[in-house]
There are 4 protein chains.
Amino acid sequence: METLDASCLKIIKKRARNSHKGHYGRVLLIGGNEQYGGAIIMSAESCVKAGAGLVTVATHVHNHSALHARLPEAMVIDWTCQTLLKTLLKQSDVLIIGPGLGLNSFSLSLLAFVLKNQQKHQWLVIDGSALTLFAQEKLTLPFPTQTVLTPHQMEWQRVSQIEIAQQTVANNQAKQAALQAIVVLKSHQTTIYAGEIGTYLNPLGNPAMATGGTGDTLCGIIGSFLAQFSKEVTSVLAAVYLHSLIGDALAKENYVVLPTEISAALPLWMKKFEMG
Amino acid sequence: METLDASCLKIIKKRARNSHKGHYGRVLLIGGNEQYGGAIIMSAESCVKAGAGLVTVATHVHNHSALHARLPEAMVIDWTCQTLLKTLLKQSDVLIIGPGLGLNSFSLSLLAFVLKNQQKHQWLVIDGSALTLFAQEKLTLPFPTQTVLTPHQMEWQRVSQIEIAQQTVANNQAKQAALQAIVVLKSHQTTIYAGEIGTYLNPLGNPAMATGGTGDTLCGIIGSFLAQFSKEVTSVLAAVYLHSLIGDALAKENYVVLPTEISAALPLWMKKFEMG
Amino acid sequence: METLDASCLKIIKKRARNSHKGHYGRVLLIGGNEQYGGAIIMSAESCVKAGAGLVTVATHVHNHSALHARLPEAMVIDWTCQTLLKTLLKQSDVLIIGPGLGLNSFSLSLLAFVLKNQQKHQWLVIDGSALTLFAQEKLTLPFPTQTVLTPHQMEWQRVSQIEIAQQTVANNQAKQAALQAIVVLKSHQTTIYAGEIGTYLNPLGNPAMATGGTGDTLCGIIGSFLAQFSKEVTSVLAAVYLHSLIGDALAKENYVVLPTEISAALPLWMKKFEMG
Amino acid sequence: METLDASCLKIIKKRARNSHKGHYGRVLLIGGNEQYGGAIIMSAESCVKAGAGLVTVATHVHNHSALHARLPEAMVIDWTCQTLLKTLLKQSDVLIIGPGLGLNSFSLSLLAFVLKNQQKHQWLVIDGSALTLFAQEKLTLPFPTQTVLTPHQMEWQRVSQIEIAQQTVANNQAKQAALQAIVVLKSHQTTIYAGEIGTYLNPLGNPAMATGGTGDTLCGIIGSFLAQFSKEVTSVLAAVYLHSLIGDALAKENYVVLPTEISAALPLWMKKFEMG
């Protein structure tokens, strides 16, 4: 297992002078039911502020106004509108599903729709309740090597059938090898399982980040980096590391680190690590 | 009567490295009708920013969008949805009812529902209009020693039947002994009555805090501290003291201290007093 | 005519230690139709931030969510709800009507309702479209000496029947004597006509403040000062002067001074001038 | 082709002491359907913060609350309300149509309505989807020399029928001569075509600005400058230059420059360049 260090941030490359927003990717985020709208709003905030070129959120209409009030940079569609959803699924480079998605039959239908419509050139990030649904319904990933799962330990237990106490590196590696998807196993020591490419330990992070929304913010950054930088594990590693690096910096002065404060700090921190 | 000093903040302990949001408690806040939605929003803000791990607000649908626009970190449910309310009542560590609850029959039904469903392991904070309803309807507390009442003087008159002029320490102590609940009697010199544990005077606070919402913010901090730290009077004392300490700091430069500014300052001030 | 100077701010007195929010007045603001909701939101912001104890906004439901998203410290009612409106009219110390009120028959009915229900102990501030309605409909003030009109020059022409070019001090004084209400005639050199008490020139203010919402912000401060300090002309003078003083300070660094920035600065500036 | 420099900002003139909001123009912005509401919100933000006196947004009702929550300084109307739209079209000095307008038949009807009702004294800015509709439907400009088109390269291809690879200065000049409208051709090197007046190269701008909303923000500034300063090409040039100048300043510390951050900085930067 390799321990990550700041060198993983070298993927944050200087943008080419003659580039436009289209070069920084289209991300579609799907989530946010009537109860958990804040989750998808937080994911969208980190996704936009980490630099994705064009961000659209498919969520319950209940959440549209609050999303726009916080983040007019994002576009929004009613997640019950199949036609729009289909169009956006086609146009996107990266799909994120799960933050605040919920666990009912409609949530499941959305996840199934995404898994059915994912295309060869697209990466997919599965987070939050989508992981629970994925496990419960024994769904299949169409492009596992282009899929990132971001479970915390209990969600990983559901997905992997490995009890938390048995979640050893070896057991997790074996399960990841079967799944093939990249697994970001979130805990106070987040570990990234990427099959033959490697297993990585994030040495950063702190308990001030142990608050609702921290994971939603992380998955927005992962999606944003995949959209802008290489569609490879390296983008996932950098997202995990930077998220914790900012969290650690904020925790020096804050007893609790609000997820939205991490998002607000992204443009400044990415600039610090930009590679010439 | 003991006068509080900064030593009461020692309960703000350093978080364990290997902790997660579940360790910092689940709080359910109930309040916010069509007229007083801001009250519950302010309580939720202080509750989240004081570090509670997972915060859900049960409020009128009218208030959902504004809550999310300010605080995506909170979850929200429609307070008329009995099924969701029941589920959340079960899952929570701390219940807060009252800010902006209103005084109509529906408000009363919610309070009665909470008093009926409170469980042995849960603490309950009763604030604002819930105190008036509690007094009017002569309701009974299921777990009085796990209940915190946060009346201002007029609300305490309603609850205790003691006229403001007669609200002496001795009279208040006698009434508190009958009620058994912890009483945070808010005034320009807030006093906390905790039975045999003690009676405490908060020496801090200032008249710049004499504005709508200050109490809503306080009860959110109380609930947040009970959820994270010991479920004991010590958490209540620390919440009262810190709320005023921040208010005093802000009042040095501000003629009026907006309640939401106190909430915004919580992470910084809690860090200053964090115990190694 | 007397030119105002900073001595008029001496009414911003140090708050008494043993005071509570009830001592700083209840203000009811009425305005904000579907088109001009921002106006009443801006008035409410300045009213709260200038220190009024309890602020309620009666406005179109269309505007409730945005108000709460910006300012949870304010309470809100649907302005079509006669019962609530009547109750609040009774409880308030100061009434403000006009910002974004509109000019249709419903707007008129609200203004008529307020004029009919104003009580002896209450002060009334009439601003914006309410001034136009007042002029058009030749309405009568129940308590003219407890009424403040805040017209700009065109609105004053409607109210006074004096063409802008003829709005000399003498003409304005004569008309004010007939009306008896205090008149704050807004222009690049705002003048306050207060009958025998005096006529006052505000020497401050600048053209960076020439933007939509500046007047809405002013009337919120006037109402807030009347609610907290003496119910006298002195509160009106201080409000006008402070509004411009802050505007001048902000204009040193800003080409345009957003009204909401003036409101945000109120607590700091009031503290600077607080009288021991 | 002339390269712009800071001297183009000299049109940002010191405001006359005895001016009022009416002197700084009325702008009507039309855009923002259910999916792209953020676009028109961002345009309105830059328009207000660049100093336009009175700003009204005609947009889908879906977007009203978020607009007010962010920007109470703007007024708003339901874009399906023909009567109000007609009234506002008459009263405005500058019209902006396009940000988030969409491409359906209702979007088209709004564009057609604007083109039909534009008056001799009004300038019109056509942006975003309105450019695509204009091209598709082969619409005619009533006052081409008072019209500004702000296409990016793909939109210019639609309008001009010139493939991106063929968009040479000479080809663009020829097409602009036929159209007569001022063309702001947005790219990493934005060029402004103004017929016989000249062709201008904006030397500023950077790829941190390559994110959704940058163009919406620019067109709001263009409209705001046309409303306040000369109704001439000079206002367009200054808007383009200042937008990039602020973007360049923010990009020194930010990997991505959020469009709303450019808007927030407008009052400060305009003050720096204000001409005595």
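Glycine too: its Cβ is placed from the backbone N, Cα and C atoms.
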For the AMP site that TrEMBL gives with B:Lys186, B:Ser187, B:His188, B:Gln189, B:Thr190, which of B:Gly215, B:Gly220, B:Gly223, B:Gly247 also belongs there?
B:Gly215
Of B:Gly100, B:Gly102, B:Gly128, residue recorded by TrEMBL at the (6S)-NADPHX site of B:Ala39, B:His152, B:Asp216:
B:Gly100
Count the other Cβ atoms sitting within 10 Å of the Cβ of B:Gly215 (AMP binding site), across every protein chain shown.
25
Out of the binding-site residues B:Lys186, B:His188, B:Gln189, B:Thr190, B:Gly215, give me the one sitting nearest to B:Ala39 ((6S)-NADPHX binding site) by CA distance.
B:Gly215
Mean pLDDT across the domain 'YjeF C-terminal' (B:4-273), rounded to an integer, is what?
97
Report the residues of the chain - excluding B:Ala39, B:Gly100, B:His152, B:Asp216 - with C-beta within 8 Å of the mean position of the site's C-beta atoms, for the recorded (6S)-NADPHX site, in sequence order.
B:Gly31, B:Tyr36, B:Ile40, B:Met42, B:Ser43, B:Gly98, B:Pro99, B:Asp127, B:Gly128, B:Ser129, B:Gly212, B:Gly213, B:Gly215, B:Cys219
In Å, how large is the greatest distance between any two Cα atoms among B:Lys186, B:Ser187, B:His188, B:Gln189, B:Thr190, B:Gly215, the listed binders of AMP?
14
Work through the binding-site residues one by one (B:Gly100, B:His152, B:Asp216) and name whichever has its CA nearest to the CA of B:Gln189 (AMP binding site).
B:His152
Let me spell it out: for each of the binding-site residues (B:His152, B:Lys186, B:His188), count the other Cβ atoms within 10 Å of that residue's Cβ, using every protein chain shown. Which one has the most?
B:Lys186
Consider the binding-site residues B:Gly100, B:His152, B:Asp216 and say which one has the Cα lying nearest the Cα of B:His188 (AMP binding site).
B:His152
Restricting to the binding-site residues B:Gly100, B:His152, B:Asp216, which ones have a CA within 10 Å of the CA of B:Thr190 (AMP binding site)?
B:His152
